[in-house]
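Engineer: Annotations for this protein, taken from TrEMBL, read as follows:
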BINDING   G97, Q98, T99, G100, T101, G102, K103, T104  ATP binding site
COILED    419-453  coiled coil
REGION    835-897  region 'Disordered'
COMPBIAS  869-884  compositional bias 'Basic and acidic residues'
Amino acid sequence: MSRVDKEKSVNVQVLLRCRPFSDDELRSNAPQVVTCNDYQREVAVTQTIAGKQIDRVFTFDKVFGPTARQRDLYDQAIIPIVNEVLEGFNCTIFAYGQTGTGKTYTMEGECRRAKSGPEGQLPSDAGVIPRAVKQIFDTLERQNTEYSVKVTFLELYNEEITDLLAPEEISKVALEERQKKPLPLMEDGKGGVLVRGLEEEIVTNCSEIFSLLERGSAKRRTAETLLNKQSSRSHSLFSITIHIKEATPEGEELIKCGKLNLVDLAGSENICRSGAREGRAREAGEINKSLLTLGRVITALVEHLGHVPYRDSKLTRLLRDSLGGRTKTCIIATVSPSVHCLEETLSTLDYAHRAKSIKNRPEVNQKMMKSTLIKDLYGEIDRLKAVQIVAECPHNIDSSPEVYAAREKVGVYIPKDRYQMEENERKAMADQIEQMTASLETNQKQITDLQEKYDSELQHSADLSKKLEATEKCLDHTSNLLSTTKEDLKQAHYNLKEKEFIISEQKKAENALAHQACVLRSELEKSSRDNASLHSKIARGDKLSAANRSVVNSFQADLASKLDILSSTLTASIDQQNKHLKAVEVLCQSCVDSHDTSFCISLDRTKDMSSFILGLFEKYTEETSKLQNHSNHTHEAQVKSLEEFQKAYEEQSKSEEQRLLADITSLVSKHIVRQRELVDVRLNSLGDAARGNKTFLDEHTSAMEGVTKDAKRKWEMFAEQAENDCKVGSSFSSAKHCRMETIMQEWGAIENNEQHEAEIASSRALAEEQASNSSKEILQDIDNLLEEARNSTSRVVSTVEAHSVEIQHLQENHSGQTSGVNTHAEKAFQSSYRDYEPTGETPMRSEPEVPSKGTIESLRAMPIESLMDEFRENHPYESSKEPKPSLIPRSPLATLN
């Protein structure tokens with residue numbers, strides 16, 4: 001097989017259907033050995049080998065169990081196949097399995113239409129064939145296209161093919177010959193086969209097909225066996241050929257052809273179990289032979305053998321294209337779930353499972369033009385006419401010119417009436433020959449069957465003669481025993497009457513005892529009900545006590561666990577609070593230590609600044625006194641040389657000198673006072689803050705910040721004012737010196753004065769710079785101290801807030817657990833704990849009625865000996881013959897066989 005063929009090849013679709021148990025199998029309680037799993041598409045067969053149960057599992061394309069309906073099988077598996085037939089494929093569906101497993105029911109079912117259903121609906125048990133027919137016509141009607149449908153229905157019985165749709169001929173031959181005329185199977189030259197003389201019926205609707213199907217099914221050979229009341233004794237093939245006309249875009253008309261073959265195989269059977277005899281046994285043999293050939297064909301196809309034995313059976317020749325050919329094939333394997341059919345079921349499953357591996361190469365039938373089809377049909381008519389002429393004139397079979405002349409209508413012509421008469425005579429002779437040939441074959445078969453029946457009758461007669469001799473001997477012996485048996489029978493009748501009398505007396509006593517037993521039984525049932533009521537009351541009490549006890553125990557356990565959890569939570573919270581308090585104490589202590597250290601450093605730096613400023617002020621005083629002395633000496637030295645200028649300058653110098661000294665003195669005194677005030681205020685504020693309480697740290701910090709800001713502001717104002725005064729004094733001195741230089745340049749004393757003033761100015765600038773640096777250092781220390789105080793305060797506040805949150809969480813947790821304990825206690829003792837509630841079913845106390853011993857003794861029957869004596873006195877035995885003594889002693893009540 002080429003690669004292209006492998007790609008186009010598809011496997012044969014295999015379905016499995018398991019029928020339900022029959023009535024006979026249900027009555028005999030036959031074990032089930034087949035289990036179907038519709039969803040996993042598996043069939044499991046339970047088999048006992050060497051005392052062990054082994055499950056064999058087979059997988060198929062679809063599996064339908066005993067509960068599957070006809071519609072389920074058709075909808076899931078057959079509808080796609082019918083649609084492919086309408087697309088132009090050739091498809092085959094056939095049922096395979098043991099007899100009595102439902103093949104014919106699956107394929108045909110109830111063919112009749114439902115009379116009461118709307119639009120000719122099918123009954124629920126309609127099979128594959130009627131449902132496929134209905135689907136085909138419904139689809140064709142919906143497509144609204146031109147179509148033609150032809151059907152054939154043939155039967156294969158004992159390797160003979162019969163047309164089930166052939167019309168019944170009226171002739172003098174026997175009825176069986178008239179109904180069953182075998183047809184030859186021929187090759188078509190294209191790898192397929194055709195049946196010569198097979199009737200093709202053209203149908204236009206479902207009703208016509210159903211009528212043909214019913215007519216053909218009635219002609220099928222069926223018989224009753226031990227395995228099936230209506231067993232099919234032949235294979236049947238129902239074919240539906242569909243031609244659909246299609247129009248191409250170019251306007252040409254094409255014919256699309258599809259064919260559906262529906263095969264109902266006869267079931268394989270075990271002759272011993274089916275009870276087949278003589279002719280039925282031969283039928284079963286032929287059926288098994290054809291099915292065995294089918295199995296060998298399947299095996300050869302699966303194993304890819306070089307030779308496939310199609311020609312060994314007409315069944316395999318008919319199915320040749322369906323097995324390994326160009327047809328899409330579906331096999332429906334039917335099995336029985338009973339253990340009685342285990343071997344046949346396993347054989348069916350093996351063949352069906354192997355058939356899954358068969359690969360067909362389906363091809364769509366080639367569409368042909370309508371004109372081409374008509375031409376082919378005319379050619380086929382001419383060919384058939386030529387074949388008929390050859391058949392009618394066998395002595396001219398080699399005269400090809402005559403055949404050619406007849407086909408081409410050249411040669412000698414005769415009158416039409418004479419030609420028609422000769423044609424009718426030839427047809428009659430040909431039909432008579434065929435009928436005589438069929439009759440001869442039938443007679444030969446009947447002779448063979450009669451000979452077999454004659455031999456069996458001879459053997460049966462010999463057996464009957466032997467049985468007759470033995471029967472005569474037995475008759476003599478029986479006659480001798482008859483007289484003895486009659487006397488024994490009379491004695492037996494007397495004994496029987498005696499027994500009946502005893503039995504009647506005992507039955508009376510038994511009835512009385514039974515009545516008394518019924519009375520006692522009623523009393524016993526009442527007592528039993530009372531006991532049951534009491535026991536149920538005790539049980540309810542015990543159950544209620546147990547429930548209450550379990551409620552109390554569970555509440556006790558839950559309460560103990562919750563108290564333990566609460567105790568552990570409180571212990572952990574106390575430990576955590578202690579840790580938090582210690583952490584706060586350490587933090588506060590570190591903050592106080594840091595403040596003390598900072599205050600000490602600030603105090604030392606302030607003292608150093610104060611001493612430096614005091615020294616600076618003393619130096620300022622000394623320089624001022626020196627300057628005043630130098631000015632006085634200079635004034636005295638210049639008095640003599642500048643008399644005119646001395647007066648004016650002296651007044652002006654004095655006034656300016658006094659004003660300058662007054663300004664410097666007031667500025668220095670103000671500066672000292674302000675410096676002392678600032679230092680005293682800062683020292684007092686720092687001392688007050690150090691001696692303050694730690695709990696009011698925030699208040700002291702804010703006060704300290706206010707004091708610091710005020711001191712800084714005052715110091716900056718003082719420095720700015722001093723700088724301005726210095727600038728004014730410097731500008732005034734420079735102006736004065738300029739005026740003096742312009743008037744008196746020759747004075748050398750004035751140069752010394754200017755140098756001295758420059759030294760004083762540089763000293764003053766240096767002092768101002770040192771004071772400013774000291775002030776900046778003091779402000780930086782104060783800022784650092786404030787920052788440390790702020791950080792310490794924030795840490796203390798965050799620690800206290802965290803501790804407060806944890807205390808609040810602890811309080812909520814504690815309150816929640818306490819409320820949970822209270823709720824659990826209320827639920828346990830108010831909802832779960834129950835008191836006993838009377839139901840009112842406890843019976844009242846009553847005394848039973850017990851019969852006395854005398855009453856019981858009065859009901860006892862008389863002894864058997866007394867009853868026998870009474871009967872013999874009233875009915876003495878009268879024997880017509882002296883009875884023979886019994887060889888085996890027995891009691892009067894011994895059982896007689």
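In case you wondered, yes, glycine gets a Cβ from its N, Cα and C as well.
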Engineer: Looking only at the coiled coil (419-453), what is the mean pLDDT?
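Structural biologist: Mean pLDDT across the coiled coil (419-453) comes out at 82.
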Engineer: How many neighbouring Cβ atoms, not counting its own, are there within 10 Å of the Cβ of G100 (ATP binding site)?
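Structural biologist: Cβ-Cβ neighbours of G100 (ATP binding site) within 10 Å number 23.
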Engineer: State the three-class DSSP label for G97 (ATP binding site), counting H, G and I as helix, E and B as strand, and everything else as coil.
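Structural biologist: G97 (ATP binding site) sits in a strand per DSSP.
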Engineer: Is T104 (ATP binding site) helix, strand or coil when read with DSSP?
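Structural biologist: Looking at the DSSP assignment, T104 (ATP binding site) belongs to a helix.
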Engineer: For T99 (ATP binding site), list the number of other Cβ atoms lying within 10 Å of its Cβ atom.
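Structural biologist: T99 (ATP binding site) is surrounded by 25 other Cβ atoms within 10 Å.
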Engineer: Counting every protein chain present, what is the number of Cβ atoms, excluding its own, within 10 Å of the Cβ of G102 (ATP binding site)?
Structural biologist: 22
